[in-house]
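J.: Provided herewith is a single structure, encoded as structure tokens, for subsequent inquiry.
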Amino acid sequence: MFINPRNVSNTFLQEPLRHSSNLTEMPVEAENVKSKTEYYNAWSEWERNAPPGNGEQREMAVSRLRDCLDRQAHELELNNLGLSSLPELPPHLESLVASCNSLTELPELPQSLKSLLVDNNNLKALSDLPPLLEYLGVSNNQLEKLPELQNSSFLKIIDVDNNSLKKLPDLPPSLEFIAAGNNQLEELPELQNLPFLTAIYADNNSLKKLPDLPLSLESIVAGNNILEELPELQNLPFLTTIYADNNLLKTLPDLPPSLEALNVRDNYLTDLPELPQSLTFLDVSENIFSGLSELPPNLYYLNASSNEIRSLCDLPPSLEELNVSNNKLIELPALPPRLERLIASFNHLAEVPELPQNLKQLHVEYNPLREFPDIPESVEDLRMNSERVVDPYEFAHETTDKLEDDVFE
């Protein structure tokens, strides 16, 4: 099982923000307002000037622009039309969605705009953002820098995943969520002064350290960087999720009591701090552990594979998935009754304890097993190879029998 950390806060990214009635409206100055005819003419000219052979659906785009203007609609959707550019936009617009096109730049954006979603384009730069903007979604572009954001006093959500950013500008105090994974970031701006920030996604960058984190934080995802240490975490009262896998960590700081998910896979850890009682998900695989201390009582997922573990502590009764493959285990403790998946391949096990009746997956290949437990009927995925056999004569006969079975199947 793998938990996608973005599911913790996926409500932020499901759709652009809608009209917010509690915000002060930004009036459009009268001298800048064009007539409907002027907009129609400008859009018709933009349609006629489409590059030949590009397959752009500018006729469809103009139809939607006219409809938006006629109805004074606050939202405009121009997804998947193959557009290489956008014309001037209706002045009353509050939400623009123009994802999955070939845009290399954006026109001047309406001052009333609150939500901008233009992911999966070819944007290399952004001009200044409208003052009322709340949502900025520009993932999967070619951005090398962002405009100044500190004065965007309504901005709540920034998604700049999968770009070429080497640095982020100072962030506004209103920010609640930032996704900046898969860039080239070497550092993050100051975060401690962001009182509403709940989630940071900065995985797959080149971060060497993290700044001090705000008290409001709930999720930090910083896997696949070059972090050698983590900042203080214990005093963050709402922190539930830490993903710091694939880094250079040798130690961890004390953990907050609110923590529910901890992924520190593929580091250089030899031990863990005291684990919070609230922890339900723990991945410490591919480290240098020789053992694990007491496990939290509500843990349902434990991956401790590819370490140097010789013995395990008692397992909590809540555990549903256990992966301890590629260790130095001689025996396993009693298995919890709710366990559904047991992966203990590549160890030194001579026997396996009694198996739970709900077990669905059992991998114990590459162990010198002398005895087999009764396999529950619930098991759907079973791997037990012939290395279990100690007697070479028995091994030879079983191998021959298996080959004959394979021939006649």
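Using the three backbone atoms N, Cα and C, a Cβ is placed for every residue, glycine included.
Sharing the record's features from Swiss-Prot:
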type	residues	note
BINDING	Asn246, Asp266, Asn326	Ca(2+) 1 binding site
BINDING	Asp266, Asn307, Glu308	Ca(2+) 2 binding site
REPEAT	114-131	repeat 'LRR 3'
REPEAT	132-153	repeat 'LRR 4'
REPEAT	154-173	repeat 'LRR 5'
REPEAT	174-195	repeat 'LRR 6'
REPEAT	196-215	repeat 'LRR 7'
REPEAT	216-237	repeat 'LRR 8'
REPEAT	238-257	repeat 'LRR 9'
REPEAT	280-297	repeat 'LRR 11'
REPEAT	298-317	repeat 'LRR 12'
REPEAT	318-339	repeat 'LRR 13'
REPEAT	340-357	repeat 'LRR 14'
REPEAT	358-379	repeat 'LRR 15'
J.: Given the binding-site residues Asn246, Asn307, Asn326, and counting only Cβ atoms in the protein chains shown, which has the most within 10 Å of its Cβ?
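T.: Counting every other Cβ within 10 Å of each candidate, the maximum falls on Asn307.
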J.: Go through the chain and flag residues at least 6 beyond the ends of the repeat 'LRR 8' (216-237) whose CB is under 8 A from any CB in it; none is fine as an answer.
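T.: That would be 5-6, 8-9, 181, 194-210, 243-256, 258, 263, 265.
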J.: C-alpha of Asn246 (Ca(2+) 1 binding site) to C-alpha of Asn307 (Ca(2+) 2 binding site): distance in Å?
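T.: Just about 15 Å between their Cα atoms.
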J.: Ranking 154-173, 280-297, 298-317 by the number of C-beta pairs under 8 Å to the repeat 'LRR 7' (196-215), which range is first?
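T.: Maximum Cβ contact count belongs to 154-173.
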J.: Return the residues near Asp266 (Ca(2+) 1 binding site), defined as same-chain residues 6+ apart in sequence whose C-beta is under 8 angstroms from its C-beta, sorted by sequence, else 'none'.
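T.: Asp245, Asn246, Asn247, Ser285, Glu286, Asn287 - these are the non-local Cβ neighbours of Asp266 (Ca(2+) 1 binding site), listed in sequence order.
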J.: What is the interatomic distance between the Cα atoms of Glu308 (Ca(2+) 2 binding site) and Asn326 (Ca(2+) 1 binding site), given in whole Å?
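T.: Between the Cα atoms of Glu308 (Ca(2+) 2 binding site) and Asn326 (Ca(2+) 1 binding site), the distance comes to 8 Å.
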J.: Taking 114-131, 238-257, 358-379 as candidates, which has the most Cβ pairs under 8 Å with the repeat 'LRR 13' (318-339)?
T.: 358-379
J.: Averaged over the repeat 'LRR 9' (238-257), what pLDDT does the prediction give?
T.: 99
J.: According to DSSP, how is the repeat 'LRR 12' (298-317) divided among helix, strand and coil residues?
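T.: Looking at the repeat 'LRR 12' (298-317) with DSSP, the answer is 0 helix, 4 strand, 16 coil.
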J.: Give me the Cα-Cα distance between Asn326 (Ca(2+) 1 binding site) and Asn307 (Ca(2+) 2 binding site), rounded to a whole Å.
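T.: Pair distance, Cα basis, whole Å: 7 Å.
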